[in-house]
Amino acid sequence: MRFDAFCDALTRVEALSADTDIVAAVADLFAAADADLPVVARFVQGRVFPAWDATTLDVGPRLCYAALARAAGPNVSGDDVERRVAETGDVGDVAAELDLGSQQGLGAFTDDAASALTVAVVDEELRALAGTAGGGSESRKEDRLFGLFNRCTPDEARYLARLVLGEMRVGVGAGSVRDATTDAFEVPPEAVEHALQVSNDYGLVARVARDEGETGLRGLSLEVGRPVQAMLAQAGTAEEALDAWETVAVETKFDGARIQLHYSGEETWVFSRNMADVTDALPEVGEFAERSLAEPAILDGEVVAVDDDGAPLPFQEVLRRFRRKHDVERAREEVSVAVRLFDCLHASGEDLLDVPFAERHARLEAVVDDAEDEGEGETVPELTLASDLETVETHEERALRTGHEGIMLKNPESTYTPGRRGKNWLKRKPDVETLDLVVTGAEWGEGRRASFLGTFEVSARVEGENEGFAPVGKVATGITDETLADLTERLEPLVESESGKAVDLRPDLVLEVGYEEIQTSQNYDSGAALRFPRLVAIREKPPEEADTLARIRELSRGE
Ligand SMILES: Nc1ncnc2c1ncn2[C@@H]1O[C@H](COP(=O)(O)OP(=O)(O)OP(=O)(O)O)[C@@H](O)[C@H]1O
């Protein structure tokens, strides 16, 4: 498919507002996509890689602006582009206004420079760009991007710029792609849903729906080595759980970081909650798998930091291990981690997502032989089946006394629903509620802290018509230099524009924020402000899972 035809379709979709019209337009696009269907199904959502693949392009706004400026000629600089984006708020509009394409030099000439771009070529180039690593990779990335922009029509530049910066925002979410797949290829929605849950790949599912129909979709299964979205929990109480299910499975809630452990019998992979491959950062988990797993499996769990007696240490300690790329052995000496497993999604070739939780737990116990790991505490936590409040409370007291965060209450009959924050898993923590908010701005520090970003503007997610992020407070105090350095490293690539000391940031990093109370505020458009917001932790979750403004309003009303 030609890239300009794809961009024309995006322009049409962008002009629509009713969900049904959007789905119909995306279905038409899918029907016309031919061999490029998998790529089109991803691009339309602003993705280059399948949802299970945590690879990123790693193109920050500055690099993109510099590439655009080069393609626009000597009279335009990266700073000019940045200024225009700050004025208009949309890199796509700015890219479309520039007079691109007549530039020569490195990257400008390819054999087919004069011919039209295709979706396949854009995909190939972006993948090659993502694979660029090592010394000088920034400038090689810029060259590639310049090469692409230099061949773009204005509309192509608009959508390419948005795609590389993760700001596609044409109104096509995962739900529209799912429905468009169902409609375009006349397959049952349940079959599409199943296929998406096990594969996490909208491109693959669209192609299988078209080429192999319902049978093909039902035939898709989990694959060891390909991560699944984690099932999520809601806050809840023991009373609620007992009312809903009669018998409640109670487990300790561990204060660590979520992992998904894949073991093929020979090889181990460990994925984070965001499906990033963290195998190398956590060698203990691989060693555990080789030592203690009886069969190939996909298991869900948590890594926790433990002291020498196996007692839990605070969550922050795990984070120090989690993202580590270098000096893993040294980090391991400083903080050791232990594995806790609470679910079994797949064992010996059999998918268990549709099997009730109590049975999955029994399978988990059969898969894990943790006799050798006693020193580190129990790997598979004890599951209490409770049908009265007292039994739940006894488990809860014991969990809190032994230094854990709280308890999880699970419906023993429930299936595993990847990516869903359903009512079948409830979490109960005694602490005051914290909020997961997205960092949307910051200020450069002063004096000793001049090289650090600080004073973080944190925003809640806004759903519906005004979709986006609304600031609700500024987190400024009580952050250690080490954390500031970490935050600065993560936030710098997200800088979209600067004015004086203040920077605007692409909404990407999520912080867990504590506060004293929620006030109504004239200062913020959101109408809500957190009193004494403080940083509790950096969260490893995507901004789409941050707390919403609606939730904050509920909390302020005491709900
Ligand atoms: N026994 C357990 N069963 C399920 N999840 C557990 C368990 N122990 C700890 N957890 C952790 O609790 C989380 C469940 O809460 P939720 O789905 O809301 O995720 P979260 O947003 O990361 O929340 P939180 O801040 O409460 O950890 C899981 O993601 C997992 O990391």
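Just so it is clear, glycine is given a Cβ too, placed from its N, Cα and C backbone atoms.
Under the heading active site, N6-AMP-lysine intermediate, TrEMBL lists Lys253. Take the CB of Lys253 (active site, N6-AMP-lysine intermediate) and look out to 10 A: across all protein chains shown you find 22 other CB atoms.
Per TrEMBL, the feature ATP binding site maps to Glu251, Arg258, Arg273, Glu302, Phe342, Arg421, Lys427. Arg273 (ATP binding site) has a Cβ environment of 20 other Cβ atoms inside 10 Å.
Annotation comment: TrEMBL describes 330-462 as domain 'ATP-dependent DNA ligase family profile'.
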Margin query: Just to verify a number: CA distance, Glu302 (ATP binding site) to Lys253 (active site, N6-AMP-lysine intermediate), in angstrom, no decimals.
Written below: 9
Checklist line | Euclidean distance between Cα atoms of Lys253 (active site, N6-AMP-lysine intermediate) and Phe342 (ATP binding site), Å | finding: 10
Item checked: Number of other Cβ atoms within 10 Å of the Cβ of Arg258 (ATP binding site) across all protein chains -> 17
Item checked: For the binding-site residues Arg421, Lys427, the one whose C-beta sees the most other C-beta atoms within 10 angstroms -> Lys427
Next item on the list: Take every residue in the domain 'ATP-dependent DNA ligase family profile' (330-462), average their pLDDT values, and give the whole-number result.
Entry: 90
Notebook entry, point to check: What is the three-state DSSP composition of the domain 'ATP-dependent DNA ligase family profile' (330-462), stated as helix, strand and coil residue counts?
Noted result: 38 helix, 51 strand, 44 coil
Item checked: Cβ packing number for Glu302 (ATP binding site), 10 Å threshold -> 22
